[in-house]
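What Swiss-Prot says about this one:
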- Arg348, Asp385, Asp389, Arg526, Gly529: (2E)-geranyl diphosphate binding site (BINDING)
- Asp385, Asp389: Mg(2+) 2 binding site (BINDING)
- Asp385, Asp389: Mg(2+) 1 binding site (BINDING)
- Gly529, Asp537: Mg(2+) 3 binding site (BINDING)
- 385-389: motif 'DDXXD motif' (MOTIF)
- 1-21: transit peptide (TRANSIT)
Amino acid sequence: MSPVSAIPLAYKLCLPRSLISSSRELNPLHITIPNLGMCRRGKSMAPASMSMILTAAVSDDDRVQRRRGNYHSNLWDDDFIQSLSTPYGEPSYRESAERLKGEIKKMFRSMSKEDEELITPLNDLIQRLWMVDSVERLGIDRHFKNEIKSALDYVYSYWNEKGIGCGRDSVVADLNSTALGFRTLRLHGYNVSSEVLKVFEDQNGQFACSPSKTEGEIRSALNLYRASLIAFPGEKVMEDAEIFSSRYLKEAVQKIPDCSLSQEIAYALEYGWHTNMPRLEARNYMDVFGHPSSPWLKKNKTQYMDGEKLLELAKLEFNIFHSLQQEELQYISRWWKDSGLPKLAFSRHRHVEYYTLGSCIATDPKHRAFRLGFVKTCHLNTVLDDIYDTFGTMDEIELFTEAVRRWDPSETESLPDYMKGVYMVLYEALTEMAQEAEKTQGRDTLNYARKAWEIYLDSYIQEAKWIASGYLPTFQEYFENGKISSAYRAAALTPILTLDVPLPEYILKGIDFPSRFNDLASSFLRLRGDTRCYKADRARGEEASCISCYMKDNPGSTEEDALNHINSMINEIIKELNWELLRPDSNIPMPARKHAFDITRALHHLYKYRDGFSVATKETKSLVSRMVLEPVTL
C-alpha cells in the first residue's frame, strides 16, 4: 500500500456508461472465503481462519471473484459540501486586512528607530525575534518578507559563537534569545552553528534552566526544544538539547496552571516540527496568542509589538482563506462526483481529507493549482493502490500498466470497463496538470511526469508478483521497491511543477528522482507508513512490511526490535531532510524545497496516531472540521 494516495487534475471525466448505468455494472456479491488473504503491500496469504468479503464482477460471459479492502465510505456528502457558505469572501474583510498589513509594516519599520522606552540596545534583538516568530507562527509572514529579512539581517549582524542576549549591548548571552535566534536564523538560511548551544550546556547534558522552573526559564526550555528539532546529521548538542528540554517541559507543564504557556508547550510536544503544518500551527497559535494570560497582548514597556493587531490580521487572513477553501473544496467534490469514481465502491474516497492536507501545506491563495493538483494526484494514487492491491487481477493490472506505458486512449479496448474509466481519468489528469505546469515552467512536462507514473506502477507490479508467488522479500528488497510504491514522487512532482518558480530539468532533478531529497522523503513515508499500518495489514493477512522483512533478516528479533530499528532510521532521515531543506549550497528555489518538505510533514501528520487515511473517522475528521469547515471567531 502507498502511504500517499491520489487522483488527477480533470473535471469532466466520466467512467464508461457500462460501468455507471448498464446491466454490466459491477454488482457486489458478498461471500465468506476462509482461506484467502487481502494483500495490499506485497503480502502472503492469510491463515485459514481469515474471512474475506469478495465482490464478483459480473458480466454476460465472465465471473471474477475480487477481494475488497472493506474500507469505510466517503464521510463528506457532496450535497453537504455544496451547501457550505461563508461571508469572509466579501471585500470589506479584505479591506480590513489590507489596513492591518500596512499598520504592521509600520511596526516593523519603527523597530529600526530606537525608542528610549520600547526599543533599546538592551532589547533590540529579542524584540525583532519575537516579531518575526509571531508573524510566522500566526501564518501571516508571507505579507512581510522584506521586513522579516531586514529584522533578521540586523540580528545576524550581532550574532556570535557565544550566543546573544536580549540586546546588542547585553553583557551576558541568555539561552532564550540564543535558542530562538538560532532556530529562526537557521530556518531562514543564515549560517549559524549549533555549537553555540554548548555555551549553555554542562558536562552532564544539562542546560541553563534551573529546577525552580520560573516562567522565563520554562520559555527558554521551550525555545531550546523548538530549536533542537531543526537538527542536522551529527549534531550531538542538538540531541542533548532535545532530550533535556522535552523532559524539562513535560515536568513543567504538570506544575503550571492552564494558560497560554501551558497550551504552547502542549502543542510543541505533541506536534514538534515534522508532524506540523503551517495552517495547523497558525490555527493553534491564535488560541495561544489570544489567551487571557498571553503576554503578547499585554501592553508594557518591554513588549513593543501590538499583539492585538497581529492577532486580528491572523484571524482575518485565516477566514478569508477559509472562504477560498470552501470554493475549491466544492470544485473538488463536484469533480469527484462527476468523474464517476464514486461508482468504484471497492476504493477509498478521501478527496476531502487530501484537500485539507493540501490547503494546510500551500496557504498562499495564488497556489490554487498546487492544492487541486495535490488532491487529484493523491486521490488517483489511492484508486490505483486499491486496484493493484485488492480489486484487480494480475492479468488486469499488467494490462493497465502496459496501457499507461503506451499512453494512447484508443488502445484500451483490452481493459475491463472499470479500468477504462480509471485510465481516462489518469490520462486527462496528467495532461491537464502538464498544461498547468507549462504556464509556470514554459515547457511541456507531460513526458517527464508520465515516466514517474510508469515507474510507480512498476513498483506495484513487483509487489503483486511477490503476492502471487507467496514470496516474503528481504528488508532491502522490500524497502527499495517500497520507497517507490510509497507514492511520494507521484504525489509531489506534478503539483510542485505548478508553483510560480522556474524548475529547469537539471534543477528539478535535485529534488525529484533520483535525488537525495526524493530518496529521503520516500524512505520516510515508507517507514512511517509501515510502522502505523503493519498490525492492521497483518490482521488481514498482509505479511510483508518493513517490520516483518526486518524480522526475517534477523532471526530471533522481535517486533519491538524491528520498530526500534526503524524508528532510529526515521530519526536520522528527519535530520537529513532538515539538511536537504536548508543546505546553503542548494540551487533549488526555496518555495519548491519547502513545499516538497511540507508534503512529508503533512503525510507524517496523517500517520501520527494511526493510518489516518484508511481510518479517517477520528483525528483526520477533526482536522478537516478545524482546518477547512470552521472559521475562527473574530
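Keep in mind that glycine also has a Cβ here, set from the backbone N, Cα and C atoms.
Not measured: the values here are computed from a predicted model.
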Using a 10 Å cut-off, grab the number of neighbouring Cβ atoms around the Cβ of Asp537 (Mg(2+) 3 binding site), all chains included.
-> 25
At its widest, how many Å does the recorded (2E)-geranyl diphosphate site span between Cα atoms of Arg348, Asp385, Asp389, Arg526, Gly529?
-> 19
Sorry to bug you, but what's the C-alpha spacing from Asp537 (Mg(2+) 3 binding site) to Asp389 ((2E)-geranyl diphosphate binding site), rounded to the closest Å?
-> 12
In Å, rounded, how far does the Cα of Gly529 ((2E)-geranyl diphosphate binding site) sit from the Cα of Asp537 (Mg(2+) 3 binding site)?
-> 11
Would you mind checking how many other C-beta atoms are within 10 angstroms of the C-beta on Gly529 ((2E)-geranyl diphosphate binding site)?
-> 27
C-alpha of Arg526 ((2E)-geranyl diphosphate binding site) to C-alpha of Asp537 (Mg(2+) 3 binding site): distance in Å?
-> 14
Three states by DSSP: which one describes Arg348 ((2E)-geranyl diphosphate binding site)?
-> coil
Looking only at the motif 'DDXXD motif' (385-389), what is the mean pLDDT?
-> 89
To the nearest whole angstrom, what is the C-alpha distance linking Asp537 (Mg(2+) 3 binding site) and Asp385 ((2E)-geranyl diphosphate binding site)?
-> 14
With DSSP, how much of the motif 'DDXXD motif' (385-389) is helix, how much strand and how much coil, in residues?
-> 5 helix, 0 strand, 0 coil
By a simple count, how many Cβ atoms lie within 10 Å of the Cβ of Arg526 ((2E)-geranyl diphosphate binding site), its own Cβ left out?
-> 27
For Arg348 ((2E)-geranyl diphosphate binding site), the number of neighbouring Cβ atoms whose distance to its own Cβ is within 10 Å equals 21
